[in-house]
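Features as listed in TrEMBL:
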ACT_SITE  34  active site, proton donor
BINDING   27-34, 144-147, 173, 181-184  ATP binding site
BINDING   58  beta-alanine binding site
BINDING   58, 150  (R)-pantoate binding site
Ligand code: PAF
């Protein structure tokens, strides 16, 4: 496995690489969810590149950029074990030699749900994804369905800016207790983790009540409201059925595939989850 930290090293690797390249963009702190993305990448291209970069542009001033988990040695171990061909792990000054004046705007879709609670977050995500695509020049890039709004926006980024990268997505990976894997789960105490389980439970409740969009959404909201009463550290942000591609809200009698997106704060930690539901 090759490890590179700058564009010169990356270009040397890229120019010497024959065949197609799949990129798995990450912020490190790799877990089994990332490993699923890497496994998928192997099926999509001849060579697999993983980027590891904690992108300051996507963190708000009161967010966890400084304390975001960083463990490059363990990440490299995982990449080596998973047959990754190249790891691009740049320093901050390599990605941003100066404060960027020109960035990508995530538009209306980037200002709702996660974007409403985290202003500027998706502008930062799309800016770094565009820069990573420029540098790695992948044929295909793999994203997790856990960050459903990020996935939808990356698809729009590629379509609207003609980036010519095929986007593949991989289903959410869950722990045995049902919690969706996330690098931020390590912030949760045992009690907070128990509170966070309200999210997958709300998705299950919605799936059981999926006769109409309205009944499914209500079931999720009821489950989360009950959980808030039991767990004061849990505070719901949103539980809403949306169109997967546009992130517009579904009408109560919506028919077809929709995504139920959930977000809550558990103590100081933001937890998100989602599931696709079909209404006939
Ligand atoms: O999903 C993530 O880990 C990040 O948002 C990404 C796509 C690597 C951009 O920094």
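Each Cβ is built from the backbone N, Cα and C atoms, and glycine gets one as well.
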Margin query: So if I draw a 10 Å sphere around the Cβ of residue 33 (ATP binding site), how many other Cβ atoms end up inside it?
Written below: 20
Note to self: Based on a Cβ-to-ligand 1 distance below 6 Å, what subset of the recorded positions 27, 30, 34, 145 would you report?
What the structure shows: 27
Next item on the list: Check the Cα distances from the residue listed as 'active site, proton donor' to each of the binding-site residues 58, 145, 150, 173 and keep only the ones within 10 Å.
Entry: 173
Item checked: Other CB atoms within 10 A, centred on residue 58 (beta-alanine binding site) -> 21
Notebook entry, point to check: So what sits near residue 183 (ATP binding site) in its own chain, CB-to-CB under 8 Å and at least six residues off in sequence?
Noted result: 27, 28, 29, 31, 68, 69
Check: If you count Cβ atoms within 10 Å of each one, which of the binding-site residues 145, 150 comes out on top?
Finding: 150
Next item on the list: Rank the binding-site residues 27, 30, 173 by the number of other Cβ atoms within 10 Å of each Cβ and report the first-ranked residue.
Entry: 30
Next item on the list: Give the distance between the Cα atoms of residue 173 (ATP binding site) and residue 58 (beta-alanine binding site), rounded to the nearest whole Å.
Entry: 23
Item checked: Distance, residue 150 ((R)-pantoate binding site) to residue 58 (beta-alanine binding site) (CA atoms, angstrom) -> 11
Notebook entry, point to check: How big is the gap, in Å, between the Cα of residue 33 (ATP binding site) and that of residue 150 ((R)-pantoate binding site), rounded to a whole number?
Noted result: 16
Checklist line | residue 34 (active site, proton donor) in three-state DSSP notation | finding: helix
